[in-house]
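Per Swiss-Prot, ATP binding site is recorded for 107, 108, 109, 110, 111, 112, 113, 114.
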């Protein structure tokens, strides 16, 4: 009776991790020899781990990453791929998010820009940041609809609160004036307060004047920039 009553109270207090750990302790004879402080410490450790797992699960679900399982540990390091390991380590640390930097991933189709952006989004979730993946054409359609139903301002506020916003397929097609203005609103609201990742097929400015052939310095180029803030 006392066992079920205690478990019920733990669940009422939303201490699911402690409840599971307590059930395990009751079934493991070795735990009976532990002191009260030792058993309590194990229960608290399990609760913290359980909450971390639940928070990560929630953040990953909200992020809506195109490649939900993408992670930096699985980055393809085969010979022939030019990877700046120090840059990858810096990005993995999350310092660029804390410093409100933004990332631009450029390169031709198929080099892994979207996968890498999703891996960075997943890493951000691991570190407790919120993330959101959106294809730029889909975002523009959402903003167009928001103008019509009166939710444009609320949509901008929601986007401005995301710690890491991933905008895929940036510059895929020419934009009308209204669409350019909407994107500027999104970027301006996030300037200096949140981080944004853009992926684009647009080449870096390495081509010669008048050149019509896109050129990239590497298969997938990474650049970061800081949006100026008003003093």
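Backbone N, Cα and C atoms are what each Cβ position is placed from, and that goes for glycine too.
Keep in mind the model is a prediction, meaning the values are calculated, not measured.
Shown on the structure are the features that Swiss-Prot records.
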{"residue": "107", "record": "ATP binding site", "CB count, 10 Å": "23"}
{"residue": "108", "record": "ATP binding site", "CB count, 10 Å": "12"}
{"residue": "109", "record": "ATP binding site", "CB count, 10 Å": "8"}
{"residue": "110", "record": "ATP binding site", "CB count, 10 Å": "9"}
{"residue": "111", "record": "ATP binding site", "CB count, 10 Å": "18"}
{"residue": "112", "record": "ATP binding site", "CB count, 10 Å": "19"}
{"residue": "113", "record": "ATP binding site", "CB count, 10 Å": "26"}
{"residue": "114", "record": "ATP binding site", "CB count, 10 Å": "21"}
